[in-house]
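Asker: I am attaching a structure below and will ask some questions about it afterwards.
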């Protein structure tokens with residue numbers, strides 16, 4: 001099952017997480033979520049200015065945010081995992097590294113962990129998860145904790161950054 005993910009990484013700002021690590025994390029998470037068919041997604045690490053433009057254009061909110069997800073398949077519930085022919089296009093995740101850095105600092109955690117948290121959140125959105133109410137949000141956050149636990153050993157490695 002190795003190599004079932006095509007990950008397109010766009011770095012508009014430096015990343016403390018190496019490309020191979022991002023790839024490994026997404027493959028682990030997809031397996032944890034039961035996705036085994038070949039798929040592709042893109043991850044863009046960017047500035048507050050860029051994510052603000054996207055947020056304004058697509059959500060009509062003129063402010064930066066931490067993460068945006070643009071799913072290739074629109075669904076109101078988590079995607080039913082079914083066998084498909086060919087490669088499944090999941091969509092795009094965009095993360096503001098400056099916002100992630102500020103959030104990591106405020107929470108006293110490493111930037112790599114905050115980036116993983118935001119990326120896992122974006123991935124869940126690509127697969128149809130949403131949080132329109134408190135119960136849905138709690139379920140989604142619980143799933144994110146599960147996904148981060150699956151890569152805990154990687155998160156304990158520094159990835160070239162200060163604690």
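Each residue, glycine too, has its Cβ placed from N, Cα and C.
Quick paste of what Swiss-Prot says about this protein:
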- 121, 125, 131: Zn(2+) binding site (BINDING)
Asker: An 8 Å radius from the center of the 121, 125, 131 Cβ atoms defines the neighbourhood of the Zn(2+) site; name the other residues of that chain inside it, in order.
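Answerer: Near the Zn(2+) site, beyond 121, 125, 131, sit 67, 69, 122, 124, 129, 130, 140.
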Asker: Using Cβ atoms only, which residues of the same chain lie under 8 Å from residue 121 (Zn(2+) binding site) while being at least 6 residues apart in sequence?
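Answerer: Same-chain residues close to residue 121 (Zn(2+) binding site) (Cβ under 8 Å, separated by 6 or more) are 67, 69, 140, 144.
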Asker: For the binding-site residues listed here (125, 131), tell me which residue's CB has the most neighbouring CB atoms inside 10 Å.
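Answerer: Ranked by Cβ atoms within 10 Å, first place goes to 125.
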